[in-house]
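Trainee: Quick one: structure below, then a few questions.
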Amino acid sequence: MDHGNHTWTQNFILNGFTTTGTLRLLAFSGTLCIYLLTLAGNLFIIVLIQADSGLSTPMYFFISVLSFLELWYVSTTVPTLLHTLLHGHSPISSAVCFIQLYVFHSLGMTECYLLGVMALDRYFAICRPLHYHVLMSRQIQLWLAGTTWVAGFSAALVPASLTVSLPFCLKEVAHYFCDLAPLMRLACVDTSWHTQVHGAIIGVATGCNFVLILGLYGGILRAVLKLPSAASRAKAFSTCSSHITVVALFYASAFTVYVGPPRSHPEGTDKHIALVYALLTPFLNPIIYTLRNREVKEAMKRITVRIRTILKEC
């Protein structure tokens, strides 16, 4: 359709999920519970790391940064998910829609870079133990964390800007939040070029970062296999297992949705896959980092003892 013939709409409509009656109430209640548990779990990790001196290491600093990011990441999309579950099709202004699009992808790209930094931290800890505290000084930790946020919010500017510039003829978004592929399907013009640019930016950023992570863990694997005892090898692997699990969850779902043409899978499937990386992964991260981490469990015990002591004194 020609640019001059398009009809601009000031609002979009989020279709969300089609549920009725009891199923709608159950879906809303379940999602709300998961959301509140996600907020509580990530806040708990942040507070625990700040309160216990035994967790004042670079690895736990980056975990706290990840938990802080997850608080915003999940809060960007879940409120609109809850609204669509409760009220069905929900109108959203174009301004709010595009802001949601940009913030969501900025946080996603930031998490992508942060997972790479966390892999680098593990590489230095295992492969360069004598120089670890120099390579990961407090100043370097802050610089790396800040760089991931700047890089993430910068990388998301181009896809978001290109999407905002599109002329839209339709307004029903086949999703529960504003995402790239569902919005491009509403455009009046051919979006092949936009798709290629989006794929190049997101694919290169996530792909290069994923290759970096694989390379770092390849170096870690070689170093661990050279350790003399099975106990030392098991201890080294245990410090990486939680991070590997989070990386697998994040990249598996992200590659499924964002790498490749948006029409490569049926319309409406994006929102089901999005539940994995936008809702389930932030929910599972605190569980992965607590239940599978001995140091966190010990820190929880120390904090519990301190709280009991304070209560007895009162």
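For all residues, glycine too, the Cβ spot is worked out from N, Cα and C.
Okay, these came from TrEMBL:
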{"type": "TRANSMEM", "residues": "25-48", "note": "transmembrane segment"}
{"type": "DOMAIN", "residues": "41-289", "note": "domain 'G-protein coupled receptors family 1 profile'"}
{"type": "TRANSMEM", "residues": "60-82", "note": "transmembrane segment"}
{"type": "TRANSMEM", "residues": "102-121", "note": "transmembrane segment"}
{"type": "TRANSMEM", "residues": "142-162", "note": "transmembrane segment"}
{"type": "TRANSMEM", "residues": "200-224", "note": "transmembrane segment"}
{"type": "TRANSMEM", "residues": "236-260", "note": "transmembrane segment"}
{"type": "TRANSMEM", "residues": "272-291", "note": "transmembrane segment"}
Trainee: Tally Cβ pairs under 8 Å between the transmembrane segment (102-121) and each listed stretch (60-82, 142-162, 200-224, 272-291), then give the stretch with the top tally.
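Mentor: The stretch with the most contacts is 142-162.
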Trainee: State the non-local partners of the transmembrane segment (142-162) in its own chain: residues 6+ outside its ends, Cβ under 8 Å from one of its Cβ atoms.
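Mentor: Distant Cβ neighbours of the transmembrane segment (142-162) are 61-62, 65, 98, 101-102, 105-114, 117, 120, 180, 194, 197-198, 201-202, 205.
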Trainee: Near the transmembrane segment (272-291), which same-chain residues lie under 8 Å Cβ to Cβ, leaving out any that are not at least 6 residues past its ends?
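Mentor: For the transmembrane segment (272-291), the nonlocal Cβ contacts are 31, 34-35, 37-38, 41-42, 44-45, 63, 66-67, 70, 73-74, 77-78, 81, 104, 108, 175-177, 179, 242, 245-246, 249-250, 252-254, 256-257, 297, 300.
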